[in-house]
Amino acid sequence: MKFAVIVLPGSNCDIDMFHAVKDELGEEVEYVWHEETSLDGFDGVLIPGGFSYGDYLRCGAIARFANIMPAVKKAAAEGKPVLGVCNGFQILQELGLLPGAMRRNKDLKFICRPVELIVQNGGTLFTSSYEKGQSITIPVAHGEGNFYCDDETLERLKENNQIAFTYGGDINGSVSGIAGVVNEKGNVLGMMPHPERAVDELLGSADGLTLFRSIVKNWRETHVATA
């Protein structure tokens, strides 16, 4: 399986994402600069965290206009796995690929520490190697990770089982404790916690590696079945 790690001005987690895929999983991965216009030849797309374009106007608001973004939307429409982490999640919201918006954390402080997540949906291509209800430890690093949506959208997320992860406690004020959501097709995931920073027990947790393994496992099963 071949992954693309999108690199934007201000990305700062692209190297961690690359390491998780290449060094921990042993899969193919390439950096793709934001000025590129095609993602043909890639099987999965990873949008890392950071502060794209300095978070000016609004987190992800300028990044949505990057040359590569139409190709990201095309990959999502084709059913390829697309993962956006932290700022990547915000960008996916700005692109309209995921619902909701991000507000400042409730205490207006930047949070940077390991947190407990609860797996709410173990049936997606990103979470199938977890158990529903499983408690995992993944670090967060954000100042604007307070997920917000209106009541109608929240009800739809619950009905469609689109809530992938919730926080084990109220760390930032997110509606219903939401930490990550998938689109209706289940091939686009946005999450504020950083799974790429939890791929080695030396760092305190390897729970994030399971997410990447899930992606690869599902891709291989699908492609072997259709070969």
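We count from 1, first residue shown onward.
For all residues, glycine too, the Cβ spot is worked out from N, Cα and C.
What Swiss-Prot records for Cys86 is active site, nucleophile. According to Swiss-Prot, the feature active site maps to His194, Glu196, an assignment based on sequence analysis. What Swiss-Prot lists as domain 'Glutamine amidotransferase type-1' is 3-225, and the listing cites sequence analysis.
It is 7 Å from the Cα atom of Cys86 (active site, nucleophile) to that of His194 (active site). Under the DSSP three-state reduction, Cys86 (active site, nucleophile) is assigned to coil, being neither helix nor strand.
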